[in-house]
Amino acid sequence: MGGLLFGYDIGISGGVTSMEEFLRRFFPDVLRQMRKQTGRETEYCKYDNELLTLFTSSLYLAALFASFLASTITRLFGRKVSMTIGSLTFLAGALLNGFAINLEMLIIGRLFLGVGVGFTNQSVPLYLSEMAPAKIRGALNNFFQLAITIGILAANLVNYATPKLKNGIGWRLSLGLAGVPAVMMLFGCLFLPDTPNSILVRGKKEKAKEMLQKIRGTMEVEHEFNDLCNASESAKRVKHPWTNIMQAGYRPQLTLCTFIPFFQQLTGINVIMFYAPVLFKTIGFGSDASLISAVITGLVNVLSTIVSIYSVDRFGRRVLFFEGGIQMMLTQVAVGSMIGWRFGLNGEGTLSKIDADIILALICIYVAGFAWSWGPLGWLVPSEICPLEIRSAGQSLNVSVNMFFTFFIGQFFLTMLCHMKFGLFFFFAVMVVIMTIFIYLLLPETKGVPIEEMEKVWKEHRYWGKYSHNDDDGDDGDDDAHVF
């Protein structure tokens, strides 16, 4: 449910911002621009409006700040409490958007949605990583990404159907339906147990052991439980996780929890996920064709994420990162070249049906590459590499960096498209090359490693080994404060 509500919100904004009734009510300047009544004839600049992009991106700015608060609540009160708060605030935001009568109400609703996303994205991947046995942790965590892709596909299908409704209520239904997964998640939270890790942190040792026995289906959990207890004792000695994560002993986790979400957003995927209908209309697709194309890319996204679930614990994280990176880079170069060929620098031109089909196919191949690599792994890897004493801080850092650059891309993509034109796709292709090199040099393979035994991965790494042996553990002076 956490993935569904996040994915639905990612997918819904692009379709809504291409609906004429929505634009007429809230963004009339954009509607005039679309109809070429402002003198800005270039196709690249058709939707360039800062208020319109603020509607999409304000959610992610709110999510950025909410993730810091969520880190503290997740650590002190457990993952379940954070998920409950997230579903409640997301529901409030969906209702405000669905009943919005002015731009202020619309933006406030988006901010509430952002708080919900900040809390759920901080707690759900942690919850999954802590509950899962090591051998299926990657696959189980990738179900979060699968749920995101299903949410995006559902949003695209809703956006295809709702413009056909009479009285101009289609956009209200599109935005209001975001409350459905929020209600389902809120109801589900009533029945969820908390993770053994977070129960231990709150000092309930016997209850934590009982929970571990229950979720593993066996009474023989002594080895794993001892690992959890050791990690919990170390975590208790760390009074300030945000200070501690800055220490040299946690340099690998700090680096990867910062740069993986940074690079994930600079793949350019949100160009497709946020603005697919807008993008397809910009490059010459008709209204119905642009929405259908968004549905097709959404379906590819879902199916390719299933491939990742199957392969992540078989082939490992690094293989998927490399293959997906090469695939995304090549298709972005191809898409940029075709758009440049047909529209040039002045943004004037048309696409033949064959051209449009080729571009759609290339974008689908690009989406597939992301969906079985940087999409799910961008959430999985940061959630599994941090020891318990900095885990909530590490995940909060992951979410906040992700949300900041999601906000940046969401806010400035249409302006970047207006000024960089088809070169924008080459920019993202270069970023994919850089991030693939980053993974090759700095990410060790974490497939099948128990989450509380990740230290040995860093000790064996040719670069990170010097940090994993560092005993500078933070502000409490205990030499074992980062024992896993």
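These residue numbers are counts, starting from 1, taken along the chain as shown.
Using the three backbone atoms N, Cα and C, a Cβ is placed for every residue, glycine included.
Model, not experiment: these values are computed from the prediction.
Now, the feature entries from TrEMBL:
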{"type": "DOMAIN", "residues": "1-447", "note": "domain 'Major facilitator superfamily (MFS) profile'"}
{"type": "TRANSMEM", "residues": "51-69", "note": "transmembrane segment"}
{"type": "TRANSMEM", "residues": "81-101", "note": "transmembrane segment"}
{"type": "TRANSMEM", "residues": "107-128", "note": "transmembrane segment"}
{"type": "TRANSMEM", "residues": "140-161", "note": "transmembrane segment"}
{"type": "TRANSMEM", "residues": "173-192", "note": "transmembrane segment"}
{"type": "TRANSMEM", "residues": "254-278", "note": "transmembrane segment"}
{"type": "TRANSMEM", "residues": "290-312", "note": "transmembrane segment"}
{"type": "TRANSMEM", "residues": "319-339", "note": "transmembrane segment"}
{"type": "TRANSMEM", "residues": "359-381", "note": "transmembrane segment"}
{"type": "TRANSMEM", "residues": "393-416", "note": "transmembrane segment"}
{"type": "TRANSMEM", "residues": "422-443", "note": "transmembrane segment"}
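Counting residues 6+ beyond its ends, the transmembrane segment (140-161) has Cβ neighbours under 8 Å at 1-12, 14-16, 19, 124-125, 128-129, 131-132, 170, 173-174, 177, 181, 273, 276-277, 288, 291-292, 294-295, 297-299, 301-302, 304-306, 308-309, 312, 371, 375-376, 379-380, 383-384 in the same chain. Note: the stretches the transmembrane segment (422-443) and the transmembrane segment (290-312) are not in contact (fewer than 3 CB pairs below 8 A, sequence gap of 6 or more). When Cβ-Cβ distances below 8 Å are used as the criterion, the transmembrane segment (393-416) is approached by residues 47-50, 52-54, 56-58, 60-61, 63-65, 67-68, 70-71, 74-75, 114, 117-118, 121-123, 125-126, 241-242, 244-245, 253-254, 257-258, 260-262, 264-266, 268, 270-271, 274-275, 278, 378-379, 382-383, 385-386, 424 of the same chain, each at least six residues removed from its ends. Remark: the transmembrane segment (107-128) contacts the transmembrane segment (51-69), by the rule of 3 or more CB pairs under 8 A. Counting same-chain residues at least six beyond the ends of the transmembrane segment (319-339), those with a Cβ under 8 angstroms from any Cβ of the stretch are 267-268, 283, 308, 311-312, 355, 358-359, 362-363, 365-366, 368-370, 372-374, 377, 422-426, 428-429, 432-433, 435-436, 439-440, 443. Under 8 Å from some Cβ of the transmembrane segment (81-101) lie the Cβ atoms of residues 1-2, 5, 70, 73-74, 108-120, 122-124, 127, 172-173, 175-179, 182-183, 185-186, 189, 192, all in the same chain and six or more residues away from its ends. Confidence for the domain 'Major facilitator superfamily (MFS) profile' (1-447), expressed as mean pLDDT, is 82.
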